[in-house]
Amino acid sequence: MPVLMDDVAGRAEPRPAPGGATGSPRRGWWTSRRRDQLAGLLFVTPQLVGTALFVLLPLGLVVWYSLHEWNVLADTFDFVGTENYRELIDDPKLPGVLRSTLFFSVGLVVFNLALALLLAVLLNQRLRGTVVFRTLFFSPVVVSLVAWTIVWGFLLQDNGGVNGVAGAVGLDGPNWLRGEWTALLSVIVVQVVKNVGLNMVLFLAALQGVPAELYEAARVEGASRWTQFRRITVPLISPTILLTSIITVVGALQVFAQIAVLTQGGPGTSTTVLVYYLYQQAFQFHQFGYGSTLSVLLFLIVLTLTVVQWRMRRKWVFHEQ
Amino acid sequence: MRKRLTAVVALAAMLGLSACGGGDSADSDGPVSLRMTTWSANEAHLKLFNEIAAEYQSSHPNIAKITFDPIPFESYTTTLTTQIAGGNPPDLAWVLENAAPDFVSSGALLPLDETLRKTDGYAFDELAPAATKLWQADGKLYGYPFSTSPFGIFVNTDLVKAAGAKSPAELIATNAWTWENAVTTASAVAAGTGKAGLVVRDFDYKGWDNLSTIWTGWGAQAWSADGKTCGFNATEMVDAMTFLHRAIFTAKALPGPGTAADFFAGEAGMTITQISRASLLEKQKFGWDLVPLPAGPKGAYSVIGQGGMGVLKKGKHADAAADFLAFLTNPANSAKLAQFFPPPRTPLLTAATLAKTNPLLKPAQLQSVVIDGIANGVVKPNHTGQAELSQAVRSALDPMWKADADVRAVLDGVCSAINPLLAK
């Protein structure tokens, strides 16, 4: 125990020997501080190696590839400098792709966060059966994404389940995946229903952390439910709103499987979002260099939006301290 | 600086390979393993391949293992290309006709002539020139066209009878098997049974190249033979597409966009597809028939889909793979493969020979659909850079799949979209 105490207090330095000698030079170098540093380094090394190999290196490679024209079949890899970036600026399809990406992302984020918050508020009540409903709304999160999307593909067909239900109540549903706006809306809805449960759970956790006394005090002061929600609930769960909005924005910009399975970017190019477009360029058209350039663009967009959201937190995220 | 960066990239690639790879190294002296990608996961197909592979291994102790790696058809070429890009190419691969120009012209495939010609008993000259044309460049053969399969129409005779319509067999007997009459029959099935009339399999309002099975009857083509001129706004194509548009939206002979119907599940009266699909009918309880494509305004015609087998130059054991390919496609094994895939060997292309290995099909069906089809057939559209072209056509054709579409204007739009690609 005394040794441990010494270690903890950082007093395990070798004491000078009489006459001023410090014992062996090795023992003098091997201090507890250095031992702690080494231990710390050993603990973080796997993570650092993993990050370097699987995050930084691929990121660097993508930037490197974006400076090349790479034809996989012909096995050519030619340095072209900024040629791919010039092509990016002149690409006539890119404005349409970015427009689709914007509409999809905004629609998804707004629908997802609004629905998740609404569900969380409703399921935060002390009523019978809320656990069952929480499970029901969360269950799509754990379903395989591709299987989920294939099933929705059948439901959204002209003669599918959604229009069958609409027909049962006298409505004539559209051909969801064949109309430009309905196709985009369909992909958004499929994605929202799939993942809304995750944000709902995060909101639920945040709501349960709001002190009940604040609501009691507000009620005594005569505040309405809406005022309580606006003045107490929203500010106190604002850190969670920030977190979920960042996660959802990043997720929205990276949506791929739903587009690939449901619409393949169509009809026309109405659902060709940036990730699907870069997939087409790299993996279908074999233009890996240009595909990498589009990846760099996507990375910069995600980075910019995340930094902007993070900086804006000072203005609207409530911190108790 | 550039050399250093290249070294970093090479190191990274090596790290990636060492992390993800496995199997034999290129310079290994020991037994080698071969991998072949296919787009068929059909048990009967794989069983036959494995039997042939086992026979080959018994006489080639240097081959430790031969595996057949099925990849879903929808993403086949993309997955194959990704495997090549990722440094994990298969040794052998099936290649679709629409990807053939890219694979053959790029030099991705090993020339096969020398290996095939020097293989004992291979009978290289039996390969029909019409079948090998797509797989040649500079006088060399880069792919063995293991399947040259004409499109025909499978008919659910029970549904046609239930609808009280004239069956294709009756129409053929009276020399009236035309597209007009085929659509009339399909329309009657749709109206009378509530099922779909005619399904162009694998089209689904996206895979437009399957429509060549219809428009070729009008003498239309997607682009000129030299691949330089768009054919979508030519009179023949406008006429064919106008006919098709009416068949979909006026006659309701084809299921509309966004409506699924599977012939092999008994949900449609007729379907346009290839004979290799006949195996899906083995356990069906409804009556069925196989007939050639109806005649168009330009008379009788046939359309062929092709699949080739190639050896990837970047594969780890290209020479061993070429040797196995020579065994897999020799006359004896070609005859075995013929039960699923019409072969390019002329002596095997007789109704009597094919009937031995195609018990589900009658000799008359094989003669009219397969033998005559191969003799007169036009290969489905193919072009270098087909994936990009295909995407551009699909996107530009989408406005046509509405009841009030202006067919000519849409087809002009298709040419505007693909002309820059054809000019490349």
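The backbone N, Cα and C atoms fix where each Cβ goes, glycine too.
As given in TrEMBL:
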DOMAIN    A:98-309  domain 'ABC transmembrane type-1'
REGION    A:1-28  region 'Disordered'
TRANSMEM  A:41-67  transmembrane segment
TRANSMEM  A:102-123  transmembrane segment
TRANSMEM  A:135-155  transmembrane segment
TRANSMEM  A:181-207  transmembrane segment
TRANSMEM  A:234-257  transmembrane segment
TRANSMEM  A:288-308  transmembrane segment
What residues in the same chain, six or more past the boundaries of the transmembrane segment (A:181-207), come closer than 8 Å to it by Cβ-Cβ distance? 100, 103-104, 107-108, 111-113, 115-117, 119-121, 123-124, 134, 137-141, 143, 145, 148-149, 152, 156, 174-175, 233, 236-237, 239-240, 243-244, 247-248, 251-252, 255, 258-259, 262-263, 266-267, 270-271
Cβ-Cβ under 8 Å with the transmembrane segment (A:135-155): same-chain residues at least 6 beyond its ends: 119, 123, 161-162, 177, 186, 190, 193-198, 200-201, 257-258, 261-262
May I ask for the residues of the chain that lie six or more residues beyond the transmembrane segment (A:288-308) and have a Cβ under 8 Å from a Cβ within it? 59, 62-63, 65-72, 80, 84-85, 87-88, 246, 249-250, 253-254, 274-275, 277-279, 281-282
